[in-house]
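Here the structure is laid out as structure tokens; the discussion comes afterwards.
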């Protein structure tokens, strides 16, 4: 935040934060660990901490969580308003940059992976929405019995507690929540104590434009305008993340649970039968210590995220043969699915100048009005309420394809989606040598085609705030990317005396490789332009004038060129997923419905990489639900161990 509170208020905040959070256990850090555990969880992020919490509920089971990063209790991890700064946060990220993206004029972008205990839940935009029923039923349709919406809803409910908005806000803003979607779970979700007045006009304008407000956004009806809670503890006014929800409350009471930070997992140890027996680990402190092994008696669980999980499998010899040979890794299991099926939510940012201005206060007031900022900061420090409890947003519109297309643009999208030649030319090279990957993509394609014609599956997200609209986010991408080891990764590591796991992977988004993605995004930009042009509320209250792509851009090619040239088309919404897809091996899957890696034993994956199709939602609450369900699956098979 460029706006800074006074030194006196900073002192108040520091004392409050220290008081509120010193109950968290001191982590072992680089201290000694046991030589063996029942379970080793690789990754202390969102999914890893959920699974570790649930597995360690049995005092007779020992659980080790290995995390590359460290604990960060700085203000950016706590103050909800800091979420609007992403990615410019005082938090460590892995140093990974994508490969050039051909369809975006060879744009390269940072691949945002939080290197911190709690993972993405510590740095994300704090949206706590869920996808529609159709999003998750598609997973079950792809061969994963029990992973449809009805199979996941109990775990969505188990994971979270909803604090509803104030009755005054409910009446004034017509906020629709869905209490049936929650129980008394560890994750706290709720609404800020401040709402900016222009939000009423923004939602009313959408309603007038034919977009209804969802009344059941948490129980399968995530279509239309969603009032989305944030991951916030409304009692303390702070971000609720995986560490605060799933680790801190039990850290000092479970001697069978160890969380070790600042360690690099080099690879998973596999015996001659491809049974996971443990991990190879190197401390990061003091330039790196001696490498050592830790044994897992029951299971090794990968929770390193959609970029690092496939990288670790490949470093362990499990992955596409050509990739491993190029990297210099001995092949243990030729599994093309590892690192394939990479999906994210690409987006474009159009902009308008609101010539009549916004009401006061508004989302920019903290930065432009020193008096308001000082008052807001004092309220936050003293009462944990006010504008500093406002994260990025609590509102978004999720629109089925027919809601934002004309008959002509709908036909153009469907023609591109159905084009067999487009499929063959758009897929990564890995697919051309794997009949299984091709079969899996074609099964996904059939679902996507059906979703594009359905009223209950969103093809685009339009997030918005009290300052207006602009972003269009692809929720059902057709393009597929890959995450693979760098060629000669082992040689690079040896030459730099570092772990191969520290060598950046090759991240190929391949965004907009499939023409349907470009067609959908252009239709969404045109819809937003028409919405601004024709809305009586927006015209009367704000006087919008289009800045980007600009009135001179009229054809699809002109609009696309303006957006791409301005670098406002991005391949990612920091929602990486799908790179160890949960599907049968015959469909190019990496793990089965039991989350075990095909062809191996005692090796599971529990993070966003298992999602076979990215859901039309911000991913964090889905990751919590997947991890909760994964813990029950792992517990059930452990009883037979």
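Even glycines carry a Cβ here, placed using N, Cα and C.
Caution: TrEMBL annotation is automatic and unverified by curators.
What TrEMBL records for this protein:
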SIGNAL    1-24  signal peptide
BINDING   46, 47, 116, 265  FAD binding site
DOMAIN    305-319  domain 'Glucose-methanol-choline oxidoreductase N-terminal'
ACT_SITE  575  active site, proton donor
ACT_SITE  618  active site, proton acceptor
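Annotated features taken from TrEMBL, shown on the structure.
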residue: 46; record: FAD binding site; contacts (Cβ under 8 Å, 6+ apart): 118, 119, 120, 121, 241, 242, 607, 620, 623, 624, 627
residue: 47; record: FAD binding site; contacts (Cβ under 8 Å, 6+ apart): 119, 303, 606, 607, 608, 623, 624, 626, 627, 630
residue: 116; record: FAD binding site; contacts (Cβ under 8 Å, 6+ apart): 69, 70, 71, 72, 77, 91, 92, 122, 123
residue: 265; record: FAD binding site; contacts (Cβ under 8 Å, 6+ apart): 42, 66, 68, 279, 280, 281, 304, 312, 501
residue: 575; record: active site, proton donor; contacts (Cβ under 8 Å, 6+ apart): 344, 345, 608, 614, 618, 619
- Note on the structure: Mean pLDDT across the domain 'Glucose-methanol-choline oxidoreductase N-terminal' (305-319) comes out at 99
- Longest inter-residue Cα distance for the FAD binders 46, 47, 116, 265, rounded to the nearest angstrom, is 18
- 10 Å Cβ neighbour count around residue 618 (active site, proton acceptor)? 25
- Task: Please state whether DSSP places the residue listed as 'active site, proton acceptor' in a helix, a strand or coil.
- Result: coil
- Do you know the DSSP helix, strand and coil residue counts for the domain 'Glucose-methanol-choline oxidoreductase N-terminal' (305-319)? 11 helix, 2 strand, 2 coil
